[in-house]
Amino acid sequence: MSENEDLQKSFLDTVKYDEKGLVPAIVQDHETGKVLMMAWMNHESLLMTLEKKKACYWSRSRQKLWLKGESSGNMQDVHDILIDCDGDTILLKVSQKGGACHVGYHSCFYRKVKETLDMEICDTLMFNPDDVYGKKS
């Protein structure tokens, strides 16, 4: 496919969803390039993200749309949406308000593996999840 033919396809026609109708989305800070999280999107969440310019995902555990930051206030303003060469992974470049991770860190990738295979915290704790989501019994 030539570059011109590739660009004439609609973005929405290019996305290749898996058998469950989902596509992985990598989320990156638009200024620093830091990877913040990975989440799943379906067609509806992708449309909502395009419309609102706020990141919206599909929660596999809750089986419903999930507007990032709706309960915590840690919204993601979407600056750019990119799609990989195969059309089966999306990259969102966002401005993150607060922490991206539900356990309170700026990034979900807050643990670094050391040579000893132990892990160390390598990110900033932004909030206490018990204060934001309430304590789980």
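Heads up, the Cβ atoms here are built off N, Cα and C, so glycines get one too.
The following features are taken from Swiss-Prot:
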- Asp84, Asp86, Asp88: Mg(2+) binding site (BINDING)
- Cys85, Cys101, Cys108: Zn(2+) binding site (BINDING)
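Counting other Cβ atoms within 10 Å of each Cβ, the lowest count among the binding-site residues Cys85, Cys101, Cys108 belongs to Cys85. Each of the binding-site residues Asp84, Asp86, Asp88 was scored by the other Cβ atoms within 10 Å of its Cβ; the lowest score goes to Asp86. Each residue contributes its Cα atom, and for Cys101 (Zn(2+) binding site) and Asp86 (Mg(2+) binding site) these two points are 28 Å apart.
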